[in-house]
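Q: One structure, as structure tokens, below. Some questions next.
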Amino acid sequence: MGEMTGFQLGVIGALFLSVASSVSIVICNKALMSNLGFPFATTLTSWHLMVTFCTLHVANRLNFFESKSIDMKTVILFGILNGVSIGLLNLSLGFNSVGFYQMTKLAIIPFTVLVETLFLKKQFSQQIKFSLFLLLVGVGIASVTDLQLNFVGTILSLLAIITTCVGQILTNTIQKRLNVSSTQLLYQSAPFQAAILFVSGPVVDQFLTKQSVFSHKYSPIVLVFIILSCLIAVSVNFSTFLVIGKTSPVTYQVLGHLKTCLVLGFGYTLLHDPFTERNIIGILVAIFGMGLYSYFCAQENKKKQAADVKDGAPLLSQDKDSHEVKKLTKNSLV
């Protein structure tokens, strides 16, 4: 039971760190890009990953964690895949309306469920699927406005969905099958993610913004916000791998939509963004869906525990994703 309590605390800590750091970096980047005129999102992400790697390298040298060797081909392909998915998401935003981009992000959950069901033989109950449907409807109501379709944008969105979904599933699978921690996997893969974005970032950003990151005027306040963004990103990247490793890609996406609701709320409170009845209704529906997701996962977890006890199996073999989601409601009410 002591180990189980430690696991619970670790999951809660990972969820809290992910929400807090992600909301913080969205607010920081919004100020950097919207208010200070620094629009180079893909290049900024490559800097995030380079700072993350350097931070982890120092931590490794100071023996805060032990590096573990992973098959180089696996690490390189994994790093490139994640780097490409980030670039595709940014290109999707550039070629599509904001509303269609939000729909792209919403589509990641059902696609992940489909892939895990078909290829990993994971079972999702009808109750879980219904709660996810409510969540997606709520986030859609709150965040999706205009929907403008075009062929190139649609292709980029489909590629972004596929690469993001596969990348997150691999983040979970590699940690479990190769018995590596989130820190060890991030440390090994971050250089390759950073490299692909460091090379492609300036090209993608110039294509999307018609400006060059190299000729941009870097005022002291812009540099301060870039440094702050990179420091927060260390926590974001670490917590992303930690949450996916301890739970599942679907739960991580559910948590991501909680962040969307919080960002909308903070945007209204701190940045005075427009906020309508539609936003409020959508957020409430989304939170209700998260609550149902947490409840149904907790109920399924109890059934599995009872079955394990009946069969004489150890309680520690329970599904981590179902176990931790029981705590997600608390985060969703913060």
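In case you wondered, yes, glycine gets a Cβ from its N, Cα and C as well.
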Q: With TrEMBL as the source, identify the stretch among 3-21, 155-173 annotated transmembrane segment.
A: 155-173
Q: For the transmembrane segment (280-298), name the stretch out of 38-62, 132-149, 185-201, 250-268 with the most CB-CB pairs under 8 Å.
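A: Most contacts with the transmembrane segment (280-298): 132-149.
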Q: If you count Cβ pairs under 8 Å, which stretch among 74-93, 185-201, 221-243 touches the transmembrane segment (38-62) the most?
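A: The stretch with the most contacts is 185-201.
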Q: Between the transmembrane segment (250-268) and the stretches 74-93, 132-149, 155-173, 185-201, 221-243, work out which stretch tops the count of Cβ pairs under 8 Å.
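A: Per the Cβ under 8 Å count, 132-149.
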Q: Average the pLDDT scores across the domain 'Sugar phosphate transporter' (21-294) and report the rounded value.
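A: Its mean pLDDT is 90.
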Q: Cβ pairs under 8 Å only, please: of the recorded stretches 74-93, 155-173, 185-201, which one is richest in them relative to the transmembrane segment (221-243)?
A: 185-201
Q: Mind checking which residues of the chain, 6+ beyond the ends of the transmembrane segment (185-201), have their Cβ under 8 Å from one of its Cβ atoms?
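A: Answer is 40, 42-46, 49-50, 52-53, 56-57, 60, 65, 67-68, 70, 75-76, 78-80, 82-84, 86-87, 171, 174-175, 213, 237-238, 241, 245.
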